[in-house]
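> What follows is a single structure, and I will ask about it in a moment.
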Amino acid sequence: MLKINFLTIFPKYFDCFLKESIIGKAIERKKISINVIDFREFSENKHKKVDDSVYGGGQGMLLQVQPIAKALKTLKGLKILVSPQGKLFNQEIAKEIVKNHSEITFVSGRYEGFDERILNYIDIELSIGDYILTGGELPSMVMADSIIRLWEDVIKKESYENESFENNLLDYPQYTRPRVFEGFEVPEILLNGNHKEIEKWRKQKQIEKTKINRPDLYERFKNEK
């Protein structure tokens, strides 16, 4: 079973995530378990305060090391700090995590970030992109979703093997009914029943789309051919 812990001061953010179809079903089938932890409960301040002003001056409030460190000491497995300073998360990292870990903790921040000493209790810092969000809860859920999908028997293996980023290529174009909509038609090759030709067309479209939209992936694809 895969165990995922979310450390946050806003636990209600995760309510919908826990009920989402694939994740909710995986929980019901006992393929995964998810634990949302309010690290305010680990504060030694009588008012359960978890933030304070910045030494040396600066804007805003900083999350204190004490409550987060205390919470992390109760947990096992890989401990991830969700941070804009972190390594950029991608499909390869998701695969490595699934391969090597069965318990994962995401620490979500707020305000102006964390006391730097929190890094002494963390295994890796991860980011989902070069932009700033209000807090770490959304990135935590994004990364957890990606990891959960790869866990054994959560979804069929063939369902994700042909998705974007597998083999360093984006997904191919897909169509459903109606055959014609406002003058836009489904490519004829998809209707002729020739599966070899369809497979060849799809691979070509993957390459074309990747070259245009993600030249970095396209270069990796070329180098691995």
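The backbone N, Cα and C atoms fix where each Cβ goes, and this holds for glycine too.
Positions annotated as S-adenosyl-L-methionine binding site by Swiss-Prot, on the basis of similarity to another entry: Gly109, Ile128, Gly129, Asp130, Tyr131, Ile132, Leu133.
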> Which one of the binding-site residues (Ile128, Gly129, Asp130, Leu133) has its C-beta surrounded by the most other C-beta atoms within 10 angstroms?
Ile128
> Can you tell me how many other Cβ atoms are located within 10 Å of the Cβ belonging to Tyr131 (S-adenosyl-L-methionine binding site)?
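Total other Cβ atoms inside 10 Å, all chains included: 7.
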> Using a 10 Å radius around each Cβ and all protein chains in view, which of these binding-site residues has the most neighbours: Gly109, Ile132?
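The residue with the most neighbouring Cβ atoms within 10 Å is Gly109.
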> Measuring Cα to Cα across Gly109, Ile128, Gly129, Asp130, Tyr131, Ile132, Leu133, which the record gives as the S-adenosyl-L-methionine binders, how far apart are the two most distant ones in Å?
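Result: 16 Å between the two most distant Cα atoms.
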